[in-house]
Amino acid sequence: MCGILGLLLHDSRTDCAPEICEGLSLLQHRGQDACGIVTCGYKGRFYQCKANGMVRDIFDEKSVQKLIGSMGVGHVRYPTAGSFNNAEAQPFYVNSPYGIVFAHNGNLINTASLLHYMDATAHRHINTSSDSELLLNIFANNLQQTGKFRINEDDIFTAIGGMMKQVKGAYACVAMLAGFGIIAFRDPNGIRPVGMAVRKSAAGNDYMFASESVVADASGFTEWDDVKPGEAVIITRTSVSRRQVHEPATFAPDIFEFVYFARPDSVLDGVSVYRSRMAMGDALADEVRQVLTVRNIHVDVVIPVPDTSRVAALNLAQKLNLPYREGFIKNRYIGRTFIMPGQQMRKKNVRRKLNAMALEFVDKNVLLVDDSIVRGTTSKEIIQMAKDVGAKKVIVASCAPPIRYPNVYGIDMPSRNELVAHGRAEDSIAEAIGADLVIFQTLPKLVDSVRQFNTSITAFDCSVFTGEYITGGVDEAYLSHIESLRADNVRGKVAAMTGDLSTTEGKGGGGVGRGANAGEPIIATLNATAQNGVDNTVGLHNSYSYS
Ligand SMILES: *[C@@H]1O[C@H](CO)[C@@H](O)[C@H](O)[C@H]1NC(C)=O
Ligand SMILES: *[C@@H]1O[C@H](CO)[C@@H](O)[C@H](O)[C@H]1NC(C)=O
């Protein structure tokens, strides 16, 4: 997952970087691996600062001061399993045509054919294995094809519309054209979020694009409006233009944003994340009551697994008339385990991150509420912690149904056989994580928990629960393909973590990632030609001659 941000200040003498930096820190939960800002100043010069690390580590007073200009783009990126390569930090830049800067959240699923198109037809070099760089170059190529010295908004809309026809997958993007303005667009299914807001003053309006509305609220921007699926928005110093550049497809925002990813104080597509989590707790309470009655189990206390599930757990406890206790105290200065790459790191982190207060567990039947169960490794560790401090029975209630399929739209989910619920019935999931019982939210109830706040949303992307992928193009071959990449990458990552960076780099497979890895294998295939030693022409194959 990633966070994206664009800002245009009406006063061209004010630098926008401090505010982008502030905004990125509010999006930090969407990615803690790398971050970056590019601004555009006088004469259309771009100033950039991007690197691996958290916003507070990368941006200090000195680095922010160097980012000159009143418009800019920012990005936070979550770990791409195995990639320590800050060449992949965003925003990306291409000089031609006109100078474009680009930040992307999501994942493309037809990277193989797109890379081939880049090489064979567009003759553009893609340096990293990031699908975001690919997407940027498709956009640039489409703009290039206008062949014009100066382009207008029509040309930009046309280029984005054309791009939407070429690419498949999830993408919410913010771009900037040198000396011109900022642009945002969202894939035709609207899987990933991005919206816009305005800060009005007598002197003029400032405009913002951001992944989540919380950024706008915190910076005094109002009139939050989600970019529509298949829509593009261009903001210049003199105008705001919006256009539907792709015919409407099924709007299907990713329901996992509400379950886990987004901040509770954000409103996405008219739905308060906080309210939807309250509703998830209410709905789950009904399910829990029913199951406990049937199984004749008594629960003494409801304890949330911090932080995401707190909201739901409190509502659930109230509805079941059970005491709610904060039994786990979080060490706030350690990152979220879900988005840390590499299994080993994840295991160690749970206990570093949480402490169980014996007082609230001893001799009790405990109902732990969690937002979801992915690998089950975290749940297993937490359940063990509860038992270690004296819990009699541990029952787990999950706000989301069993996750049985990988996410291919930009959330870094493990491959199917790493998902504890894949191919397992619920009782056997309980056994696998060491719980006495696991109670899952049903999918219709989860959907209703979100949808009740905006009933005009007719579908959600629920592929991690159902294995049905809204964009099409995700078949067994594709899933096995990304899984094999992933496996390679995890191996590379472990090598990298133990200090053996050379192994990672040398394989060229170390730079893995968020499904973006999809780029890697193709490269390997094309490489085969170069390896014959016959082909000495310039092109993609030669660019990747490292293997
Ligand atoms: C191209 O990729 C390599 C290897 O990942 C990286 O070291 C380098 O900085 C990249 N070059 C540019 C211009 O981004
Ligand atoms: C509800 O969702 C629809 C899309 O189905 C969107 O057009 C509308 O703006 C949303 N409502 C609000 C209040 O954001």
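A Cβ is built for glycine as well, from the same backbone N, Cα and C atoms used for every other residue.
Note: Cys2 (active site, nucleophile) has non-local neighbours Arg30, Gly31, His75, Val76, Arg77, Tyr78, Gln90, Ala103, His104, Asn105, Gly106, Ser211, Gly410, i.e. same-chain residues 6+ apart with C-beta under 8 A of its own C-beta. The active site, nucleophile annotation in TrEMBL covers Cys2.
Residues or ranges marked as Mg(2+) binding site by TrEMBL: Thr308, Asp370, Asp371. If you draw a 10 Å sphere around the CB of Asp371 (Mg(2+) binding site), it holds 26 other CB atoms from the protein chains shown.
Residues or ranges marked as domain 'Glutamine amidotransferase type-2' by TrEMBL: 2-238.
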What same-chain residues, at least 6 away in sequence, bring their CB to under 8 Å of the CB of Thr308 (Mg(2+) binding site)?
-> Val259, Tyr260, Arg277, Asp371
In terms of DSSP three-state secondary structure, what is the assignment for Cys2 (active site, nucleophile)?
-> strand
With the Mg(2+) site defined by Thr308, Asp370, Asp371, which remaining residues of that chain have Cβ atoms positioned within 8 Å of the Cβ centroid?
-> Val259, Tyr260, Pro304, Val305, Ser309, Ala312, Val369, Ser372, Ser398, Cys399, Ala400
